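Asks: Before I ask anything, here is the structure I am working with.
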């Protein structure tokens, strides 16, 4: 399995997202230009120019026509995927961190960081079918979590919003009323910042990764803890195979400690775990810095990782990967 190295970003990667068909891969980085690539051969298709700060997160609509990005420049922007045209900019008073389209793409959830006096918040915006009708007003604004909210995603049928971040608590909110419905138990939950959150392909459960060196699998409706995967490094990124019972964790040490390791080694690996048995089954090495982003192709036949080193590595699995027996 030889990875395809995709070089286009000047700065560390922050997020990776495939479209629903799995033919396009969108990447965000601390440079200001989200980028779209062909997912089969890693060819760069284009960039979305307009942000003025690090881009933390993105999501693409079901029909692959619209891209939404959240950035440190205190905006979340809507883009035309094909032309790269900026369609709309949602302006905030603090950096926009996480973005997620609802099922049906009529709504988007956007989280904003705490900044100066204002606390972190979760904003729900209506997404107009015609960009010329788009407005910036929020349908709902949720406040409460302490520190940054690193991820917010829609629950089943858009009835709930699931958020997680620096205070290590996962919260489920009613997306209609804004009421807090559930919080993860501090005893069994993460002990440090939750860095990443990804839903299963059927939307029944989700996986969180944390700086406490673990990833946890949760039921999306009841917030029951199903599994825990323990590793020896802080986890920055998590993803799940849509095809096999595999969970992938990526990480490294905290950015402040990077200078203490051998940078030439390419030692940073994406670790594969058996979803059911919670055992490590293998790893894919190659990045020269911590892994900040991971994504599985919706067909389950390839995955990509984005690193502090500014590279996206695209891995198409060998046939024998699909026959791993434990």
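Using the three backbone atoms N, Cα and C, a Cβ is placed for every residue, glycine included.
Unlike curated entries, TrEMBL annotations are predicted automatically.
For reference, TrEMBL lists these features for the protein:
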| type | residues | note |
| --- | --- | --- |
| REPEAT | 6-47 | repeat 'WD' |
| REPEAT | 48-89 | repeat 'WD' |
| REPEAT | 142-183 | repeat 'WD' |
| REPEAT | 187-228 | repeat 'WD' |
| REPEAT | 284-314 | repeat 'WD' |
Asks: Given a Cβ distance threshold of under 8 angstroms, which distant residues of the chain, six or more beyond its ends, lie next to the repeat 'WD' (48-89)?
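Replies: Counting only partners 6 or more residues beyond its ends, the repeat 'WD' (48-89) has Cβ contacts under 8 Å with 11, 14-15, 17, 19-21, 24, 26, 28-36, 95-101, 103-105, 108, 110-112, 125, 127, 131, 134, 136.
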Asks: Can you count helix, strand and coil residues in the repeat 'WD' (6-47) using DSSP?
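Replies: Going by DSSP assignments, the repeat 'WD' (6-47) contains 0 helix, 22 strand, 20 coil.
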Asks: Tell me the residue counts in helix, strand and coil for the repeat 'WD' (284-314), as DSSP assigns them.
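Replies: Per-class counts: 0 helix, 20 strand, 11 coil.
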